[in-house]
Amino acid sequence: MFDTVLVANRGEIAVRVIRTLRRLGIRSVAVYSDPDVDARHVLEADAAVRLGPAPARESYLDIGKVLDAAARTGAQAIHPGYGFLAENADFAAACERARVVFLGPPARAIEVMGDKIAAKNAVAAFDVPVVPGVARAGLTDDALVTAAAEVGYPVLIKPSAGGGGKGMRLVQDPARLPEALVSARREAMSSFGDDTLFLERFVLRPRHIEVQVLADAHGNVVHLGERECSLQRRHQKVIEEAPSPLLDPQTRERIGVAACNTARCVDYVGAGTVEFIVSAQRPDEFFFMEMNTRLQVEHPVTEAITGLDLVEWQLRVGAGEKLGFAQNDIELRGHAIEARVYAEDPAREFLPTGGRVLAVFEPAGPGVRVDSSLLGGTVVGSDYDPLLTKVIAHGADREEALDRLDQALARTAVLGVQTNVEFLRFLLADERVRVGDLDTAVLDERSADFTARPAPDDVLAAGGLYRQWALARRAQGDLWAAPSGWRGGGHMAPVRTAMRTPLRSETVSVWGPPESAQVQVGDGEIDCASVQVTREQMSVTISGLRRDYRWAEADRHLWIADERGTWHLREAEEHKIHRAVGARPAEVVSPMPGSVIAVQVESGSQISAGDVVVVVEAMKMEHSLEAPVSGRVQVLVSVGDQVKVEQVLARIKD
């Protein structure tokens, strides 16, 4: 076994790999870019090496720098995690030349499976079923149009290189195919540097089911059951589970054999995942889609039902050991479901979010696991993937796993950064999800019905009472500075605070000291109230009913969470709210953290409502920000500037 392993990744997967290395007594080495200098994976590793600045191509994707870090620290092996260099055949080959063990498959396996056309042809030779279609190198648009008539509509255009849904197009009308091919080639070339396309017949009501395989260098291959990954948004998985509620035992055995044959066709070594497409209408029929030649984000659900540590077996296989079990030894126990917590705002079309994590609260308990990259103080920016945390629940059956996951998410809060936790719970409560009636369109269909929960009265009241407590604390015993509310003449005046949330804003009035106060939200009833505040908990009693909240505050931004959700309250003193309405210019505000890649207007020019003012890139997506009104524009940013969420980028005045 190795004594030092370098983890060539970041975020939750790096933390998770380091956890296994620590358990096995193996020295861990982290690598990091400048924004990640204080990241959790860096702090938890035994050693760490700086790679370079934020752009991945200058840090995490720089093969030379990663191998140099391994040489400097004496690492005998490199674990690539997922993403970055994990499926890079050149990196695997470079590791071999440097005599460092790449904890993944041989370079040839990565090359074959990374080319969708070559992969389909390779697995078909081993009797693995493939989707009817046409997959040859060098197919022109005219050839693809001709072939589509034979394949049968609807057809799915797919790029030979890459993944993540980029370059994919669903075409149901033959007249739209030529235009879709042009668009798909352009996106494939932009994303992967390769515009090779192929066609597949589109499977109606498709379900995405994948099989985990493990293979050693001695010819042994086993599968560890399947995972259901149909709950996706824009081809990105959100909730995954194992086993699939769709497959019967006979189909499970057949699809497992097909996955093992897929691994054998490229002499696979290590952990890999074979993805299949299965029609919800024909669950006994499955087709090969692709093989991911790495550990998957969703591997914890397989670990939960098998009791195996997949990272440990990557290490053992990489060190030359044989698998310590045969196919008949593997028993699937219970059901496990994983939810991915992203930095995104579901109420704003899932725009990426960001900011500084003020506090993080993660669940624990029977059957609950959390794989996380977060610490208080972590800065979530736009340089990397928005995945923050994975919450996994294991139960005796699917119903128990669903309930445990929902309860775990209710105890999950990331204060300081907007996340999708509320949306995840919305999905778990959906009837189709509860009964397992899934396909890859379910999540997108249900997204349209999601509405974020406005801040309830008690949360707004808690915000006002917290403000009263903070004022009293700052007074530090100064009788005249404390917010008692008493004024000359014997009457009591309230301290008013405007509490603004994305969906609701109210003025909260508080009379008296925080331990014995009265509170009013808007024009509602005046209630007796009190508040007690500790470092992580705020206990508020209103009319005899006590509620406990988790909280964090910075720069008059207060975050409050309980089992119902998380709310971001912005405080403004009452006198600052009443301004001359016409005097304030309209603003163009960034809805997410990112980088300015274009400024489309000149500062001082006259523009019209709807004109694009600034283009911001975040998470590899471009967002054009338009003028809300007509007028003269003052641009406040330049191309290349890094901007924060809600940062004012331009002002427009009549």
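Backbone N, Cα and C atoms are what each Cβ position is placed from, and that goes for glycine too.
Under a cutoff of 8 A between CB atoms, and with a sequence separation of 6+ in the same chain, the neighbours of T196 (ATP binding site) are I117, A137, G138, L139, P159, S160, A161, A188. Among the features that Swiss-Prot reports, ATP binding site is placed at 148-209, with the record citing sequence analysis.
The Cβ of E275 (Mg(2+) 1 binding site) has 20 other Cβ atoms within 10 Å, all protein chains considered. Residues or ranges marked as Mg(2+) 1 binding site by Swiss-Prot: E275, E290.
For the recorded site, E275 (Mg(2+) 1 binding site), the DSSP three-state label reads strand. The feature Mn(2+) 1 binding site is assigned by Swiss-Prot to E275, E290, with sequence analysis given as support.
According to Swiss-Prot, the feature Mg(2+) 2 binding site maps to E290, N292, an assignment based on sequence analysis. Cβ neighbour count for E290 (Mg(2+) 1 binding site) (all protein chains, 10 Å cutoff from its Cβ): 20.
Residues or ranges marked as domain 'ATP-grasp' in Swiss-Prot (evidence: sequence analysis): 120-319.
According to Swiss-Prot, the domain 'Biotinyl-binding' annotation covers 578-653, on the basis of sequence analysis. Within the model, the domain 'Biotinyl-binding' (578-653) shows a mean pLDDT value of 84, rounded to a whole number.
For K620, the entry in Swiss-Prot reads N6-biotinyllysine, with the evidence type sequence analysis.
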*Please compare the binding-site residues A148, A180, A188, L204 by how many other CB atoms fall within 10 Å of each one's CB, and tell me which has the fewest.*
L204
*Measure from the CA atom of Q172 (ATP binding site) to the CA atom of E275 (Mg(2+) 1 binding site) and give the result in Å, rounded to a whole number.*
24
*At the Cα level, what's the spacing in Å between A180 (ATP binding site) and E290 (Mg(2+) 1 binding site), rounded?*
22
*Take the domain 'Biotinyl-binding' (578-653) and count its residues per DSSP category (helix H/G/I, strand E/B, coil), listing them in that order.*
3 helix, 38 strand, 35 coil
*Cβ-Cβ under 8 Å from Q172 (ATP binding site), same chain, 6 or more residues apart: which ones?*
Y153, P154, F202
*Where the distance is taken from Cα to Cα, which of the binding-site residues A148, L156, L204 turns out closest to E290 (Mg(2+) 1 binding site)?*
L156
*Relative to the Cβ position of N292 (Mg(2+) 2 binding site), how many further Cβ atoms are located within 10 Å?*
19
*In whole Å, note down how far the CA of N292 (Mg(2+) 2 binding site) lies from the CA of A148 (ATP binding site).*
27
*Once the chains shown are all counted, how many other Cβ atoms turn up within 10 Å of the Cβ of L156 (ATP binding site)?*
19
